Amino acid sequence: MCGIVGVVTDGHHAPPSTQVGQAMNAAMLHRGPDEGGVYRDGQALLGMRRLAIIDLAGGHQPMQAGDGRFHLVFNGEIYNHRAVRRQLEALGHHFATASDTEVVLHACMQWGGDAFARLDGMFAIAFWDAQERRLLLARDRMGKKPLFLWQGPGRLGFASELKSLLHVPGVEPEFDRAVLPAYLAFGYIPTPRSCFADVTKLPPGHFAIYHAGQLDVHRYWSLDFEPGFQGSEAEAADALAGLLDAAVSQRLMSDVPFGAFLSGGLDSSVVVALMARHMDRPVKTFTIGFAEQRYSELADALKVSRHLGTEHHELVVTPDATQLIERLVWHLDEPFADASAIPTFLVSELAGRHVKMVLSGDGGDEAFAGYERYLRWLTLERLGPLKGVTARGLRLAAGVLPGMQGFRLRGIAERLGQPYPDSYLSGVALSRPAQMEAMLGEAGREGYASLHPLFSHDDRRPGIDRIVDADIRSYLLDDILVKVDRMSMAASIEARAPLLDHRVVEFAVRLPQHMRIRGGRGKHLLREVARRWLPADVLDKPKQGFGIPLREWFRASLGDMAADVFASRCFRERGWLDPVAVDSLLRAHRTGDQDQSGTLWQVLCLELWARQFIDQPCALQAVS
């Protein structure tokens with residue numbers, strides 16, 4: 001795992017100095033504390049920081065071949081690199097190291113943009129052909145590894161983290177206020193946009209070619225939802241078991257100590273169970289819990305640990321963890337409001353004391369339809385023409401019920417009367433249209449309508465496929481994977497997600513709906529397969545999300561912190577959000593009438609981000 005950076009010109013300009021490359025590298029030292037390097041010629045500047053996982057001695061970057069014609073910087077891991085190496089050797093290529101980096105370099109030399117469909121893994125790649133003056137960039141299928149792009153006059157900059165681009169002469173930290181409706185809806189900024197007007201993100205499953213000042217982007221992979229599995233459920237279970245076993249086995253490739261995040265839920269428990277089958281020593285497992293028992297999974301994780309015989313480590317998170325907010329805002333690069341970034345960082349930090357790489361259970365909810373919103377969606381579909389009547393009844397009931405009960409019923413009634421994608425947005429959004437309009441004024445008046453272009457309107461897709469697709473292309477990509485990448489890298493460890501092996505995901509989303517959802521529960525087939533390795537009391541317990549007690553914390557010390565921030569002169573004069581509307585939300589939450597913790601967290605994170613990246617635009621060093 002590494003971080004990569006670079007600037008390539010159109011041939012009429014010189015690239016920035018080597019010192020700029022070193023500064024870009026230094027901004028993401030946490031991504032690769034083991035070593036770094038910079039390459040510069042008359043048109044290109046490439047840099048990287050390395051966290052050495054495979055071939056510790058032989059994977060130095062930037063790597064070159066072809067008598068200095070070809071140069072590569074690469075972030076990630078290629079799990080099938082030995083098989084690709086054999087293909088390349090048969091074509092006459094020779095290798096000097098055992099690293100996957102050298103395989104990627106020669107694959108790009110041999111196949112160009114056709115190389116990436118041959119690679120299994122997670123990656124962000126930059127390949128420079130100094131003779132043809134052509135830069136090739138690529139990102140893995142699911143978007144596990146980030147890649148930001150900046151285009152200026154005659155120049156293209158790229159980086160694993162946005163803060164590195166701020167060291168490139170000409171890059172200005174100009175906030176793009178047009179992304180505020182999306183941020184207030186989701187708590188993140190959807191790909192391909194970023195928080196800065198002239199910076200974008202390369203979409204997953206795409207590669208780009210920059211040549212003579214022209215950037216062309218191409219897709220090399222997309223997720224196919226067409227029904228694919230035609231066999232029995234028993235046959236599907238055997239096929240899935242084989243795919244899962246192979247995905248976990250591949251990701252155990254490492255020359256350094258490794259372990260796993262374990263929540264005690266289905267997904268991470270399956271991953272650890274399969275790890276235990278392949279290892280000749282106990283798996284090192286790491287768990288985060290909370291003093292507030294309704295949020296804590298410590299007991300569940302301990303039960304799984306004892307069943308599988310793992311070497312278990314745990315940590316209890318207290319409200320004091322909110323003191324980390326400014327530090328994590330720096331690592332997250334953009335305004336980002338998934339509060340589970342806090343425990344994700346803490347469990348990464350805990351793991352980093354013992355290992356250098358972990359496996360996680362991320363991706364199971366999206367691929368196998370595990371979220372409760374999928375069940376709600378199916379319930380709404382079955383209501384059909386009765387939705388309007390039901391909505392009216394709920395609105396009447398909400399009018400007479402006090403506090404939080406009425407607040408929740410109004411939200412359900414709102415979703416009942418909406419077409420897709422508003423019905424989806426109402427289920428996932430942190431802020432409702434009325435709140436967006438109150439805080440943004442004219443810019444928020446369209447509510448969710450301004451977000452419609454982000455979603456597919458393919459009404460032919462049955463059942464839950466539309467919202468599973470939306471989750472994979474948006475929530476998984478720009479929330480879950482961003483959180484896991486930035487927080488694990490902040491602790492200088494690598495995280496691998498076997499449930500997001502593209503073959504597992506392709507298989508899962510093409511299963512018949514009844515194999516994904518049954519008996520009022522999602523992840524049916526995954527759960528049935530897991531019975532081969534895990535006991536029933538682990539598999540049949542109610543689902544518990546990876547959340548934190550934001551509601552309670554905003555009624556205590558976090559609310560005091562927010563009140564101070566929202567009362568500050570810089571917040572009230574910034575002009576992005578209406579401070580009166582924000583004050584109203586905080587009062588409503590602290591009196592207990594409503595749960596506005598999600599929106600309040602968004603606003604707090606946005607302001608703290610602005611203070612670091614706009615008010616202090618260099619963002620040169622991490623907040624301690």
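Just so you know, glycine gets a Cβ as well, placed from its N, Cα and C.
These numbers come from a predicted model, not from an experiment.
According to TrEMBL, the feature active site, for GATase activity maps to C2. Residues or ranges marked as L-glutamine binding site by TrEMBL: D100. Annotation source TrEMBL lists ATP binding site at I288, S360, G361. Annotation source TrEMBL lists domain 'Glutamine amidotransferase type-2' at 2-213. Annotation source TrEMBL lists site 'Important for beta-aspartyl-AMP intermediate formation' at D362.
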Inter-residue C-alpha distance, I288 (ATP binding site) and D362 (site 'Important for beta-aspartyl-AMP intermediate formation') (nearest angstrom): 15
Cβ packing number for G361 (ATP binding site), 10 Å threshold: 23
Average model confidence [pLDDT] within the domain 'Glutamine amidotransferase type-2' (2-213): 96
Same chain, 6+ residues apart, C-beta under 8 Å of the C-beta of the residue listed as 'active site, for GATase activity', given in sequence order: R31, G32, M48, R49, R50, L51, Q61, V73, F74, N75, G76, S160
Residues satisfying Cβ distance under 8 Å from the residue listed as 'L-glutamine binding site', sequence separation of at least 6: I54, D55, G59, E77, I78, H81, G121
Neighbour count (Cβ, 10 Å) for S360 (ATP binding site): 27
